[in-house]
Each structure stands twice: as structure tokens, then as C-alpha cells.
Amino acid sequence: MPREIITLNVGQCGNQLGSEFFKKICSEHGILPDGSLSTNEFIDDRKDVFFYQADDQRYVPRSINIDLEPRVLDSIRTSEWSNFYNPENFIIPTNNGAGNSWANGYYTTEKMSEIEEIIDREVEHCDSLEGFFFCHSICGGTGSGLGSKIMEMISEKYPKNILTSFSVMVKENPDVVVSPYNSILTLRRLITECQSVVVFDNSALADITHTQFGVDEATVFDMNSIISSSMSAFTANLRFPSTLYNSLNSLMIHLCPSRFSHFLMTSYTPLRQVNQISSRTSAIDVMKRLIQPQNIMARTRLKEGKYISMCDFFQGDVSYDEINEALQRFTDRRLAEFVPWNKEAIKVVHTRVSPLVKRGNRMSGMLLANNTSIRYYFQDILKAFDQMFKKRVYLESYREQFHDNFQEFEESKEIVKCVIEEYAKAESIEYSDYSYPIHKYLKGIAKEKIAE
């Protein structure tokens, strides 16, 4: 019995990414832009995870598209996919957007009741909801601010369902000058409201695009295409189920053993055009490529960290014997360094592939990993925030919405610092006795709010 997942695409980046993801999985399930099927051929899949059938038998995505600026939503509604989405699930903006400010996005309250109503309606359409996917950027105003508000609402209203975020971050040369403010405030919600967060970094995606496709300057389409390939592989076992990790819950139990250190890195190989000819590769080659720093979709000091957990997903013409042999060689050679307290840190999964999609290679692989080096990424964001906040620059919209009280910044900073510390402690054998200061800090904040 499939368990459904509702996808929320928030902000410009989130809607562009969500659109590419659905195009990708539509091709795998034989769903055309109007929601009809491209073939009557039987496919042993679970379309119901991300789609439902309307009265006219068309497949409609369990997708909610939200933005405070009309451009991206209008481009979707006027494209060849205009009849694919449920028109009632578009949140049409009535103002000029969030102005790249987290505070403006977070305090845009006039749309929250409409958003909540749409989410409730989609939940009612599900027989057994497993969770929510959340696509957004943490740097702009809508994806970060309004996105944070929506995450809080989902976490409070549906605490038993998994909230997984696909978060695009910018650490180097951000286009949005207040990105450090937006990022630190959003990281707080990603820590406290989500059960897992898959991190994507624009600079890493641009480098991968240049290396794999020879593109001098990566476009949004190029980067979203890479992310959607990863998301497709991530969800393959949910949509084409096998015997292992065919639910979000089973996967998260392995990847995120701690409540708050749930930030995941990903890589995908090979990223080649369909018409490119590639040499025959092996499972061990795929496993080695997946952990190469240049293939990870977030730039961290990977060699200075340790893996808390990892899961390799194989697709294509590869046997279980070859996969198990590759796993044995991988562990015997100690090709990756793991934390000392997790003896079951690495898992491998063979996922089925759609018979409708032409493949340009014998096999492909996708990595999902929880690595302690992510703390260095957060440290860089924290450093950028401190440099700006100490100067008290670009605070106009935040000062207005926060009424000159910047406690929100201070609390967010402390929560991020707690997670950085937790990832550092996770590298030692004493981690099992760790006291988790973030729990104490969050309880303190809760008591203060009750007192108010």
C-alpha cells in the first residue's frame, strides 16, 4: 500500500525546482503534460505516492505552489504543463513579494489561512499520508521567511508525518545582500521543524555543471536538472518499491539517528547526456565516485568530517552480488571514515528503474549521507551573519517587523551553534553520553514564551 507525499514548492527557487522534479518523475511514470498516460503498457509502479487520479482519470500532482511574486507561477500556468497542476493549489500573490527579506515573508499573514486550507484539503485526499516534501531556497524572502512559517504550521498540525526539506543554500557571493540574515533565521526552522534536510549549494552545483557538461556558466535549469535527478533517485524506492527502504520513515531511521543533526548531503553519478556514450562501469567505481568531494552537491570540508550514516542507491543493470561485493571492498579498503559509535553506518540499495526512460549508462548511483563536515558549512554561514549583524547593516525590514527586538536573531544563532557542537561531538565514541544542549536551550525558549 503506497503512502502519499505532498510536495510544497515555496518561492521562486522552490517552484522552479519542484516543477523540474515533477517533469522528471512524470517521464518515469509515463505521464504527459496534460496528466494523461503516454502508454497503456502495464508498469509496476506506485503513482499514488506523488499523484492522484481526478474524475476524468488524469493524474494530478500532490503539489502546492506558493509564491509572493507572480512571475514563476505565471510561467508554469502558461506552459505546456498548465493543465497538469490543480489550479486551486496555486497561491496567487496580492503584493509585491517579500523584497528578499525573511521578516517580510514570515509575517505575510494574509495568505496563511488559505495555505493551511489547501494543505488540509490535500491531506484529506490521502489514504495514508507519510509526509511532506518542501522545496525552497533559504536565501531569498519567500522561500526562507514564508517557508519558515509554513514549516512551523506543518510541524505543529501534522507532528506524526515526516517533513523533508530540499533546501538550496548560497554560501559564496550571494545575489541577495541579506542572505546571511535570511539563512540563519531559516536554519533555525530547518533544525527544529524538519525530520530531514537535503542540502544543495549553488556553488557546488555550478562546479558540477561545468565539470560534467562543459558549461561555462550554469543556468537555473542546469542546476535544477541535477537536483531533480537526485530527488528522482531518492524517491525511486517509494515509487518503484523493492524490499528495502520503501518508505521515508525506514530511510530516515537509518540516516538521521539524532533528532536535530539531520542534514544530508547528496551526490549522483553519472550525470551525462542520454546521447553520450559512456564506458562500462562497476558498482565499486560508482561508490567511489559518490564520495568524491567534487561530486557532493554541497561544498564542505568533507575530508575533515566523518560519516554518521550513508546510503547508496543503485539503479540499472547491476546484480545484488556485484553490489554486495562492492560494499565489502569499500569497507575493507576503508574508503570512507565513519563515526566510531555507529556500526551499521552504511547501507546499499538496488532500486528498480522505469522501463519508459532511455538510459545512457549501465548503472547509476545516488548517495544520501549524514556527514559531520556539514558543521563547517554552518560555521561559514554563522561567520557571515556575525560580520553583518555586528555592523547593524541592512536591518530596516527586520527592525520594522521585529519592532527593534532582535532576539529572534540571537536565538537562531544559538540553535545553529548547538547543532554545530552536536556534529563535532558526534565524531567521538563519547557521543552516546552527549547531553544535547539544544534540548535545554529550546525548553528555555518555550518557558520564556509561556511566561510572556
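Heads up, the Cβ atoms here are built off N, Cα and C, so glycines get one too.
Over in Swiss-Prot, the protein carries these features:
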BINDING   Cys139, Gly140, Gly141, Thr142, Gly143, Ser144, Gly145  GTP binding site
Entry from the binding-site residues list Thr142, Ser144 having the most other CB atoms no farther than 10 A: Ser144
Secondary structure at Gly140 (GTP binding site), reduced by DSSP to three states: coil
Cys139 (GTP binding site) CB neighbourhood, other CB atoms within 10 A: 27
Cβ neighbours of Gly145 (GTP binding site) where a neighbour is any other Cβ within 10 Å: 31
Where Gly145 (GTP binding site) falls in three-state DSSP terms: helix
Same chain, 6+ residues apart, C-beta under 8 Å of the C-beta of Gly141 (GTP binding site), given in sequence order: Gly11, Leu68, Gly97, Ala98, Gly99, Asn100, Ser101, Trp102, Asn104, Gly105, Asn182
Other same-chain residues whose Cβ falls within 8 Å of the Cβ centroid of Cys139, Gly140, Gly141, Thr142, Gly143, Ser144, Gly145, the recorded GTP site, in sequence order: Gly11, Ala98, Asn100, Ser101, Trp102, Gly105, His136, Ser137, Ile138, Leu146, Gly147, Asn182, Thr186
